[in-house]
Structure formats: C-alpha cells, structure tokens
Amino acid sequence: MTDKSKEGGSSKLLYCSFCGKSQHEVRKLIAGPSVYICDECVDLCNDIIREEIKDVLPKKESAALPTPRKIREHLDDYVIGQEHAKKVLAVAVYNHYKRLRNGDTTSEGVELGKSNILLIGPTGSGKTLLAETLARLLDVPFTMADATTLTEAGYVGEDVENIIQKLLQKCDYDVAKAERGIVYIDEIDKISRKSENPSITRDVSGEGVQQALLKLIEGTVASVPPQGGRKHPQQEFLQVDTSKILFICGGAFAGLDKVIEQRVATGTGIGFGADVRSKDNSKTLSELFTQVEPEDLVKYGLIPEFIGRLPVTATLTELDEAALIQILCEPKNALTKQYAALFELENVDLEFREDALKAIAAKAMKRKTGARGLRSILEAVLLETMYELPSMEEVSKVVIDESVINGESAPLLIYSANESQAAGAE
C-alpha cells in the first residue's frame, strides 16, 4: 500500500487509504495500524453490508410465521372479546404472509390472490387495536391512514399515494420492508357515495377516493418520491409493489344496521308461503352486522369494485359492561395497569375497587364511545391526584371507589404513617 502521507513541518497530512481524500476533505479520519479510513467510506461499507443482509432476511423469516392459533392467542392478550373477528383476522393474515414467503404461485402453477380485510364494528370496539397488535406480532411496518382526509389526485387533501409514503417513512425508506407491511385505513365508511346511483357531479372525497384506492389495494407499482423528494428533485422515484402489502379497512358504518334490517325484514312470498316476522323481533346492532352482505355495502354507498377488493369481512360486536370491565384490568396493557405503573414511578400504589370498575364501565356505556371512552374517564378522575401527588410526601397508596367515579368524594390517600385522608384540597 502506498503511503500518501506528506510531511508538512512537524505535522503529517493524512489520507484515506480507500478513497484517497485528505483529512481536510472529510469530517473524520479513523486510524488503524498504518491504515486510515474516512467517515464516507465507513458509511459506504455500512450500505453494502445492509444490502447483503436484506437479501438474506426473507429466507430467515420464512420459518418464523406464527400459526393462526398462535396469532389468535396473541390477540387474546391485548384485545378482549371479538372472538369471531380474531379468528377471521388470524386466518387472513396467516394466508397473506404464507403467500408472500412462498411466492405468488404454488408448485402446480396456481396463482394465489390477495385477501384484504374489511372490519365493520361500532366505535371503540377494537378495530384499530387489532390491526396494530397484528403488525407488532409479525414485526412488520404499520401505518394508519384516515380516509376522511383523502381526496382524488389534483384536489386539496391527501393523495392515496401518501399512504405508501407514510409506510416507507416507518421503515426508513426500505422498499423491501415496506412491501411486507400492513396499512390500516380508518373511517372507510366516510368515503361512501351519497346515493346508490352514480352521480354526474364530482365527488372528490367519496366515490372518487374509492376509485383511486382500487388499484392501490388490489396491487399496483406505486411511484413514491424518495426521502426529501422536494429537496432533491433529481432523485429517482421509489417503486413500491402494493400487491404484497396487506390493507385492512375499518369503519363504524353508522346506519348500515338499518340497511341490513330493511333487507332481512323484507318477507318473501305471499299467502301461506309468506315469511311472516314479528315487529317486536328487533335485533341488536351486533346481530345485524353479522348478517351483512355485499349488497348492503353497495346500498350504503361503497362501489361494487371496491367491495370486491376487500373479500374478507370481519364484524365486531358492541362491547357490553362486562367486556369494558375486562378491558380495564385484564389485557397486558390494561388501563388500570398503565395508571398503576405511572403511580409506581412516584412510589405509590394505586388500587381500583370493584365498584369503581363497574362505575367506569357504566359511564362509558352511557357515552356510547366503547373502550375509547375509558381513558378519558380515568384521566378526569385522577387529574387532581396526579397534579398534587408529586408535591406530597409519605403517601403510600391511593384508593379509588365508586363514589370517586361518580364525583361524590375525592380519592382516598393512605400515608406510610398509617394515616388516611381524602385528597380534596379545601
């Protein structure tokens, strides 16, 4: 190796042994035994190694795909109830990733299609949580998009391609990683067209968005600007194959129960052959959702082509009071456990009495916000205590009972000196 160092008085001008740049042309020059390497060459080496690893990773991952039963068990740890939806999701997700890891065709040459998922359920029933938990279990990139912000290309709002850009951002613009990701599009029911008949006026945030999403969900090669695309317009666009991305669309579909009820209630036949139904034979929202058919979704405002791209439909049930109590204390990241952990950082125990849990669940049921409303109730109840506690000394325990939830009294503070008093500051 030729020595490119030059004597300059008492100091020696050093050069990178790999690219030949001097120490003044680079930010850092690392010295080894008679060898030097600059920071730019180190970055280049890292890129080369990363590319090598990327080619090896898919082979390693193929052995790690959990079975539908294992996926369901993992969902049970975080999501209460929704047994049918969990089973449907577990099978659909397993089949999707099995298809990716074994190629799109079988040994007999049979092409395997993609099964995207439609989640139908009332607000706060766990649609988003199910999608997030699946992505975390499979260790794949996950992004959420709000369908209400999407518009057709050329109009004010987000283009559908922005969804893929968000997914790329989650995995540092690694295209191969993004192509194995999961995209959850929330509020999908809000882009339904206003009537069953095609409109002659432009519907840029309804049917127009459904049309724009068609190819993306089914599978296309989307051109996405690279990181800092506007700063470096000369860079080539990244090509992302969306046929490998799993799309999960979710929505509350308010009013869909009326559409289903109307179809189910329509009796067939006349005379003795008529299907007679009692007026009192009314069904719950959850029972009606389980009877949903593609024709109901078309009547609701989704175009037939869009419904066809979402062949797997999972319906979620309304959460009753017992389920809300379970959600408060049973999952691994249950809200009561989260707040107990927060209080533990102050060296204080937090206890929720049984009657308090029932009162919280009853309050959430009245608000009709499902599990989503539980956190806001707890925040309001614990606000004063969390405000005062860091400034107080010798508090060892905080007890919450029904009267605290109903606003009739303040939380009970138990001091390490075995004294107890109400937390209300008079």
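Keep in mind that glycine also has a Cβ here, set from the backbone N, Cα and C atoms.
Under the heading domain 'ClpX-type ZB', Swiss-Prot lists 4-57.
CYS38 (Zn(2+) binding site) falls within a strand segment according to DSSP. Contacts of CYS38 (Zn(2+) binding site) defined by a Cβ separation under 8 A and a same-chain sequence distance of 6+ are given as CYS16, PHE18, CYS19, LYS21, VAL26, ARG27, LYS28, LEU29, ILE30, in order along the sequence. What Swiss-Prot records for CYS16, CYS19, CYS38, CYS41 is Zn(2+) binding site.
Summarising the annotation, Swiss-Prot assigns ATP binding site to PRO122, THR123, GLY124, SER125, GLY126, LYS127, THR128, LEU129 and lists sequence analysis as the type of evidence. Shown in sequence order, ALA252, LYS368, THR369, GLY370, ARG372 are the residues of the chain, 6+ apart in sequence, with a C-beta less than 8 angstroms from the C-beta of THR123 (ATP binding site).
Regional average pLDDT for the domain 'ClpX-type ZB' (4-57) in the model is 79. Non-local neighbourhood of CYS41 (Zn(2+) binding site): CYS16, PHE18, CYS19, each in the same chain, at least six residues away, with C-beta under 8 Å from its C-beta. Excluding CYS16, CYS19, CYS38, CYS41 themselves, the residues of that chain whose CB lies within 8 A of the CB mean position for the Zn(2+) site are, in sequence, SER17, PHE18, GLY20, LYS21, VAL26, LEU29, TYR36, ILE37, ASP39, GLU40. The Cβ centroid of PRO122, THR123, GLY124, SER125, GLY126, LYS127, THR128, LEU129 marks the ATP site; residues of that chain outside this set whose Cβ lies within 8 Å of it are GLY121, GLY250, LEU316, GLY370, ALA371, ARG372, given in sequence order. According to DSSP, LYS127 (ATP binding site) is assigned to a helical segment. Non-local neighbourhood of THR128 (ATP binding site): MET144, TYR184, ASP186, GLY250, each in the same chain, at least six residues away, with C-beta under 8 Å from its C-beta. Minimal Cβ crowding within 10 Å, among the binding-site residues CYS16, CYS19, LEU129, is found at CYS19.
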